[in-house]
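**Q** Annotation comment: TrEMBL describes Arg25, Lys32 as site 'Transition state stabilizer'. Annotation comment: TrEMBL describes Arg162, Lys217 as site 'Positions MEP for the nucleophilic attack'.
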Amino acid sequence: MNDPAVPASRPRYFALIPAAGVGARMAAGSPKQYLPILGKPMLRHTLDAFLSSPRIAHTYVVVSADDPVIDAIVPGQGVSVLRCGGATRMESIRNGLQALHGAVAPDDWVLVHDAARPGLDAELIDRLIVETGEHPAGGLLALPVVDTVKRNVAGEVSTVSRDGLWLAQTPQMFRYRLLVRALDAATDPSAVTDDASAVEALGLAPKLVEGHPRNLKVTLPADIRIAEMYLAAHQPEPTE
Ligand SMILES: Nc1ccn([C@@H]2O[C@H](COP(=O)(O)OP(=O)(O)OP(=O)(O)O)[C@@H](O)[C@H]2O)c(=O)n1
Ligand SMILES: C[C@](O)(CO)[C@H](O)COP(=O)(O)O
């Protein structure tokens with residue numbers, strides 16, 4: 001259920017899903033966001049997570065201008081397609097934000113979430129929104145590092161302290177005006193691998209909110225089966 005009757009005076013929450021990648025590391029011969037997971041396209045799992053959250057006013061998905069698949073999988077309501085994908089993830093998001101000018105108010109919140117993270121659900125969306133609250137620098141789901149971390153530079157191996165290290169997930173949520181300012185200020189789009197880093201470059205510290213391993217980014221071929229196992233284990237009990 002979407003489009004909650006949120007009074008215009010209160011900031012609303014919108015989802016922006018970058019889905020214009022080619023999936024080179026997946027090496028599937030087609031964009032990975034459309035590969036089936038438990039028989040449903042990966043992107044549809046992601047869209048359904050936002051459609052299941054009563055907090056999300058509307059979801060926007062950014063695809064390539066010539067994407068031939070999206071129209072067949074986008075649900076009938078609650079989701080709008082923006083055919084403005086760019087050469088990098090950040091450019092796709094920046095183009096998407098530009099397309100939302102006028103539709104989203106400056107103080108509305110935008111939750112940017114990778115199409116390639118199909119394990120998201122309404123519980124994690126709720127946790128991010130509640131724990132980020134009104135934090136001026138926004139917030140993101142993340143997981144503390146639990147393994148020992150090695151750096152390997154041309155065969156020179158060393159150990160990096162894992163104290164204070166977290167692995168960023170998505171959604172990453174920011175007020176619309178802040179996210180636009182941060183991405184506009186980014187000089188090298190290919191160096192901005194997540195939206196929080198652009199906000200940090202302004203001198204701000206987004207809040208880290210504990211995510212979940214099931215919210216993994218499906219990047220390599222082995223990740224498909226892992227995502228399926230998480231999703232199968234996390235399916236709601238069938239109603240009688
Ligand atoms: N130019 C791009 C590149 C990526 N993305 C999106 O950003 C998310 C995270 O990117 P990633 O996992 O790197 O996806 P790809 O870029 O498709 O993967 P690869 O780097 O292996 O090509 C994905 O949902 C992807 O579709 C995008 O919208 N536009
Ligand atoms: C945004 C992100 O998912 C946070 O971990 C990650 O940076 C995306 O990286 P990618 O190389 O674009 O998949």
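Each Cβ is built from the backbone N, Cα and C atoms, and glycine gets one as well.
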**Q** Under 6 Å from ligand 2 by C-beta, which of these recorded sites make it: Arg25, Arg162, Lys217? Sequence order, please.
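**A** So the answer is Lys217.
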**Q** What recorded sites in the list Lys32, Arg162, Lys217 lie within 10 angstroms of Arg25 (site 'Transition state stabilizer'), counting C-alpha atoms?
**A** Lys32
**Q** Compute the C-alpha separation of Lys217 (site 'Positions MEP for the nucleophilic attack') from Lys32 (site 'Transition state stabilizer'), stating it in Å without decimals.
**A** 11
**Q** What is the number of other Cβ atoms found within 10 Å of the Cβ of Lys32 (site 'Transition state stabilizer')?
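**A** Lys32 (site 'Transition state stabilizer'): 24 neighbouring Cβ atoms within 10 Å.
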**Q** According to DSSP, folded down to helix, strand and coil, what is Arg162 (site 'Positions MEP for the nucleophilic attack')?
**A** coil
**Q** Can you name the residues of this chain that are 6 or more positions from Arg162 (site 'Positions MEP for the nucleophilic attack') yet have a C-beta less than 8 Å from its C-beta?
**A** Val145, Val146, Asp147, Thr148, Val149
**Q** Just how many other Cβ atoms lie inside 10 Å of the Cβ on Lys217 (site 'Positions MEP for the nucleophilic attack')?
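**A** For Lys217 (site 'Positions MEP for the nucleophilic attack'), the count of other Cβ atoms within 10 Å is 17.
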